[in-house]
Amino acid sequence: MEATTFVLFGATGDLAKRKIYPALYNLFVDQKLPQSFSVIGLGRRELSDQTFQANVEQSLHMFSRREANDPDVMKKFLRAFRYSVLDVGRKEDYQKLLKLIEQQEEEQRMEPNRMFYLSVGPEFFEPITANIHESGLGSAYGWKRLVIEKPFGHDLQSARDLNHNLGKVFTEDEIFRVDHYLGKPMVQKLEVLQQSNPVLQALWNNRYIANVQITANEIVGVEERAGYYDHVGAVRDMFQNHMLQLLMMLTIHLPNNSTSENIRYKKKLVMESLEKLQKEDVSSYVVRGQYEAGTIQGQSVVGYTSEPNIAAASSNDTFIAAKLQIDDYFWRGVPFYIRTGKRMKDKSTRLVIEFKEPLKQPGANDDNKTPNLLVIEIGPHEGISLQLNTRDPLNKGKFKPMHIDFHENRDHVPEAYENLIRDALHGDPTFFAHWDEVELSWQWVQPILDAYKENLVPLHHYAAGSYGPAESDELLEQDGYHWWFDDKSETEIESIKGEQYAYHTNN
Ligand SMILES: NC(=O)C1=CN([C@@H]2O[C@H](COP(=O)(O)OP(=O)(O)OC[C@H]3O[C@@H](n4cnc5c(N)ncnc54)[C@H](OP(=O)(O)O)[C@@H]3O)[C@@H](O)[C@H]2O)C=CC1
Ligand SMILES: O=C1O[C@H](COP(=O)(O)O)[C@@H](O)[C@H](O)[C@H]1O
């Protein structure tokens, strides 16, 4: 891998500590970092290199899932870290940074390849890139890359403006927009799963699939992020990016040996084929919710408007469910139900593909048949299971469901940020959001934002610890379906559950 200087804006921040340093450490231990690699951390705080290194080490002890106890390994890892004070608006700080980078590149005889990672608030994205340009930081003869965190804009227009301004300094090929859901190992497997399994490939269309359900439920509430979250809500925080990316990854049809370009092109086609919403119709397809007080796992929790720093009159959304349709050859007529919410009963990100019922035989006693389901668990645990029907010889030959389960059982499954940082270091854009996808996602979501703003969509309250407002169930019930694996449907499954065929792997 090519020599790289990793220039981290926001090196003293929460994301750096919780995600970026643990990911770099894991890559280092697995020997997936370039031989010549240095990190330059930036922030306004005055820190010596030693203090910075000690802070990085401390964050590994707090947040790394992997043991970080070997002092020799730690020492070698931390050797790559330097710190420089930089205030985003102070031009002289960029000059100082340039000198430091050039000096390091010279001392270590490194190619001047520079990866600028913006782990700072979105208001800093534009001034930082402009200063990278003006200071000459981006003008060395090696490559330059920009890794940019969310949120990418607040609505369609602001996203376009931001992209236009970034584009003055970095080309699309040089911009790596992080959507950490694309870094999740199971999401990265979706493409291969479909592409290299003819069985799935053959079934991946409206002839066999009745509906698709995409869920990202969270137990946590707004936490300490009131200032950010109360302005974005579930629609911008999760739906516009993560949920639509899951939809794209699940529905693309790929040729064998697809390239990054194929994948991104096909994702774009999916977004272009999404049936558009009109602002006036949003309330028929979208359910907007906000949590009230309730109990989660035996603990009482307050409602959203009683959370610290949230106004008592806030009508911000903490839940969204939506029905979407893709108007293309493969998916026409298949409803896609998407939901995500905070303070839900459990933490789970999953895709459920419900297959169509086979034609019923006249007079056949097959009432207790359940649909075939393919369930892809993305988190917190990875897994795939298939629900099939079989005969129960002990119960008058009635049908009973059989489950084939696969659960990832490896000691160390890479975390999303590990995959993404490794890909960015390799210059592989496959699992980063291309501008076309981002723009089309904002375009699709914009009528929802407008309808919310004009109060055209009722705000339904739900108890913390539930699965969201009843209206979210009704969205499916009107089409004759229900959300799988909520209490109701779980009980149904439990009551008829048969043998479990489990397949575990240690690969
Ligand atoms: N935290 C998370 O889990 C997630 C965060 N994100 C995104 O990542 C980005 C960073 O988030 P997070 O780490 O939580 O934010 P924090 O508020 O924890 O950290 C912000 C960082 O920016 C630096 N900073 C603030 N003002 C300036 C300035 N004027 N000049 C230079 N540096 C400055 C701070 O350093 P100092 O105070 O030393 O100047 C600090 O290192 C945001 O865009 C956020 O939306 C995305 C997904 C998840
Ligand atoms: O981007 C975000 O994602 C998290 C949920 O991520 P997960 O990996 O735990 O599923 C969410 O809590 C946060 O509000 C949002 O900004």
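Backbone N, Cα and C define each Cβ position, glycine as well.
These figures come from a predicted structure and were not determined experimentally.
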Per TrEMBL, HIS180, LYS184, GLU218, LYS342, LYS347 bind substrate; matching candidate in ASP155, ASP161, ASP237, ASP392: ASP237
Among ASP14, GLU218, ASP237, which are binding-site residues, the residue with the most C-beta atoms within 10 angstroms of its C-beta: ASP237
Neighbour tally for VAL88 (NADP(+) binding site), based on other Cβ positions within 10 Å of its Cβ: 21
Filtered binding-site residues, from LYS184, GLU218, ASP237, whose Cβ is under 6 Å from an atom of ligand 1: none
Local Cβ density at THR12 (NADP(+) binding site) - other Cβ atoms counted within 10 Å: 17
Other CB atoms within 10 A, centred on LYS342 (substrate binding site): 24
Listed binding-site residues adjacent to ligand 2, that is, members of GLY10, THR12, ASP14, ARG44, VAL88, LYS347 whose C-beta is under 6 A away: none
C-beta crowding around LYS184 (substrate binding site), within 10 angstroms: 25
